[in-house]
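Novice: Next up is a structure, given as structure tokens.
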Amino acid sequence: MSGPDMTPITVLVGSILPTSQGLPLVCILDKTPGNLARTCFWFELTSPDLTWEPQSTPPVDSNKGVCPRSHLFLRLHFALTSQCGPLRRAEDLLQEPCQQLAWCSPQLLTMAWGLPSSTSLVCFCQKLNRVKQLEESTTETSLQRCLATLDLTLLGVGATVGSGLYVLTGTMAKEMTGPAVLVSFSIAAMASLLAALCYVEFGARVPRTGSAYLFTYVSLGELWAFLIGWNELLGYLIGGASVARASSSYLDAIFSHRIRNFTMAHLGIWQVPFLAQYPDFLAAGVILLASTFVSCGARVSSWLNHVLLAINLLVILFIIILGFVLARPHNWSADEGGFAPFGFSGIMAGAATCFYAFLGFGVIAASSEEAQNPKRAVPMAIIITLGLVAVAYILVSTVLTLIVPWHSLDPDSALADAFYQRGYSWAAFIVAAGAICAMNTVLLSDIFTLPRIVYSMASDGLFFQVFAHVHPRTKVPIVGILVLGVLMAFLALLLDLQTLVQFWSITVLLTFTFVGTSIIVLRFDNSPPASSLGPAIPVGTEQASAPEPGQLRPALRPYLGFLGGCRPGAAVAWALGVLVSSAITLDCVLVFGTSALHLPPWGHTLLLLLSSVVFLLSLLVLWAHQQQHREDAFQVPMVPLTPALSILLNVFLMLQMNYLTWLRLSIWLLIGLMVYFGYGIWHSKENQREMLGLTAIRGGLEEMAQALQPLSQALAQEPGHTEQHASA
């Protein structure tokens, strides 16, 4: 009676590739007949306790393996019988001869044999959260570095002072806040300052095109970065289209609305939801003209932006001076409705609505790859821009309600109409001219920024590759400018964008929330993104032996020993998750506690106290851990408090939006998820980098297996092994 057919299985263990936890990889080389297609399966050990020194004795019988200095090779045998299927044979093989090896688990076997398992699900989730690995040099770019600090500052101011100042102030004052519109702008400016500080740190440390998209990619992960970039895409499209329509309205008003009347007379009035009453050909033409200027290069668009912005700033100064001369304090009295006729809820709703008016400093971050000295120019330009813009908005909104009563304002052209009501028609003409210049600078900035964000996404493989094409002469992403410019013109031509203003704001708030979260992750991460700034050292020490970022501070270990047992970064990750969750809960209680939730007073107070305590405790846990510290770059002060307050305030303002805004946001995010899982996840440059690494590993392992094949065959013919398996 002949013995069973003996076929070897080779298991290799070794530090072949550095892994996330510095643990070795395990590879199974399946040499069974009929399984030649599945030659190599590999996976990572899950615990450092499973490793051993190369010179030490393997945790198996010594006559079943060989242990050279760099790798451990373990050969096992099993019998092929007609009674067992291949999966059962594999389980018997790897569970019975080597039960003490953790990599011989059914979970890893199902992974090796191509069956779904929790491990494969974990690997898929890791793909979604993989971060972008930046090159060592962040100064090399295919774009032209031609923007100085002044250029970036003027670009940011021009992107911010537009329809928010000339249109939104009147709309908010008449329909939401009354004279308290200046308080709404002050709250929005404070929330923007918290977010701007986060932008400043990221802009100094990661001087690359992409703005919040790139900041999220290098800290939180790929899926979150794509969703932020996807939100910014629609936000800039809506913003540019709405600004173009507002500019068209002001220009049409100068000609006594002849353009609007002519169009409506020949094409009729549309009564379709979400569509405008008539197609705005003037707005579409303005967008196409601005796209043409931007496609000529950063220097040309920057020069045009300077000219228009200079006119705009002179007009704003004129409005403030003449407005205070014509001011009537009686307009804030109780006879005219008082200072805050819509109460605190109206002030907060106004702050949430006008938040998008401070979006301009994101343009600076998105243009950092074209800055001459991004580490210095970007932080200075962001801070100067936000300060100038906040002062301008507060002063203009103040004089607006002092010139005429808030209830008599024209929401479409409030500033020009206010001077017209006081008999200064010539001043109204100047204001209208300044408004046109201001809104065209915003339009130029939107068209300048949006293609660069899409260019960054396409360069990373998350968006269609055609948008990564850069014109060889002008050094601009020409395809993105033309395609997105036409799409923006189409939106301005047909859609009624007044209903989408809140959607514009919620995308900005969501972006700022993710940037604040990214700052916390980056500050406590022990492997920061590569840059040219040099190595980081922990806060409060200059010694090389100091604890790494993410570890518990040494002075607190005697008191918080239960946190010291966690691996570096684990407690920080949990604390950050609890921080965001408690912030959302706290804001929900504040906004809906007594209205939508119908909580009794004691329940409202209890939830408020619990969520506040949890929020503060998570802050303390984060503060108890070591942070990164850089001497040569700006860092957000009082981390994690500053970004945590930014998250709390942003979420609070987002909850002020109506349910239709949240519904539109959900639909847009679902479309983005379809694009990501249909294209982005497969074409990601990080995915290609991983596949190249795995291909190199597979080739190296197969070469080693071929070198060991004579040894494996010799051991397979040993009488002891044959008799042992035959008796089994």
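Yeah, the Cβs are placed from backbone N, Cα and C, and that goes for glycine too.
Nobody curates TrEMBL annotations by hand; they come from automatic prediction.
Here TrEMBL flags 146-168, 180-200, 212-230, 281-300, 307-327, 339-366, 378-406, 426-455, 476-495, 571-593, 605-624, 636-655 (among others) as transmembrane segment. The domain 'Cationic amino acid transporter C-terminal' annotation in TrEMBL covers 634-684.
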Novice: In the same chain, which residue numbers or ranges, 6 or more beyond the ends of the transmembrane segment (571-593), come under 8 angstroms Cβ to Cβ?
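Specialist: Residues packing against the transmembrane segment (571-593) from afar: 517, 520-521, 524, 550, 552, 563, 599, 604, 607-608, 611-612, 614-615, 617-619, 621-622, 625, 640, 644, 647-648, 651-652, 655-656.
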Novice: So, taking each listed stretch (146-168, 212-230, 426-455, 476-495) in turn and counting its Cβ pairs to the transmembrane segment (378-406) that are under 8 angstroms, which one gives the highest count?
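Specialist: The stretch I would name here is 146-168.
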Novice: Can you tell me how the residues of the domain 'Cationic amino acid transporter C-terminal' (634-684) break down into helix, strand and coil by DSSP?
Specialist: 39 helix, 0 strand, 12 coil
Novice: Can you tell me which of 146-168, 281-300, 636-655 gets the most C-beta pairs within less than 8 Å of the transmembrane segment (426-455)?
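Specialist: The stretch I would name here is 146-168.
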Novice: Can you tell me which of 281-300, 307-327, 339-366, 476-495, 636-655 gets the most C-beta pairs within less than 8 Å of the transmembrane segment (212-230)?
Specialist: 339-366
Novice: Take a look at 281-300, 307-327, 339-366, 636-655 and tell me which one has the most Cβ pairs under 8 Å to the transmembrane segment (146-168).
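Specialist: Looking at each of 281-300, 307-327, 339-366, 636-655 in turn, the most contacts to the transmembrane segment (146-168) are made by 339-366.
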Novice: Which sequence-distant residues neighbour the transmembrane segment (180-200)? Criterion: at least 6 residues beyond either end, Cβ under 8 Å.
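Specialist: Tertiary neighbours of the transmembrane segment (180-200) are 169, 172-173, 211-212, 215, 339-340, 342, 346-348, 350-355, 357-358, 361-362, 364-365, 378-379, 382-383, 386, 389-390, 393-394, 397-398, 400-401, 406, 512, 515-516, 518-519, 634, 636-637, 642-643, 645-646, 649-650, 653.
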Novice: Within the same chain, where does the transmembrane segment (281-300) have neighbours whose Cβ lies under 8 angstroms from its own Cβ atoms, ignoring anything closer than 6 residues to its ends? I mean 6 or more beyond.
Specialist: 143-144, 146-147, 240-241, 244-245, 247-248, 251-252, 259, 263, 367, 370, 440, 443-444, 447-448, 451, 471, 474-476, 478, 481-482, 485-486, 488-490, 492-493
Novice: What parts of the chain pack near the transmembrane segment (476-495), using Cβ distances under 8 Å and only residues at least 6 beyond its ends?
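Specialist: Cβ under 8 Å, 6 or more out: 143, 237-238, 240-242, 244-245, 248, 274-276, 279-281, 283-285, 287-288, 290-291, 294-295, 297-298, 446-447, 450-452, 454-455, 458, 466-470.
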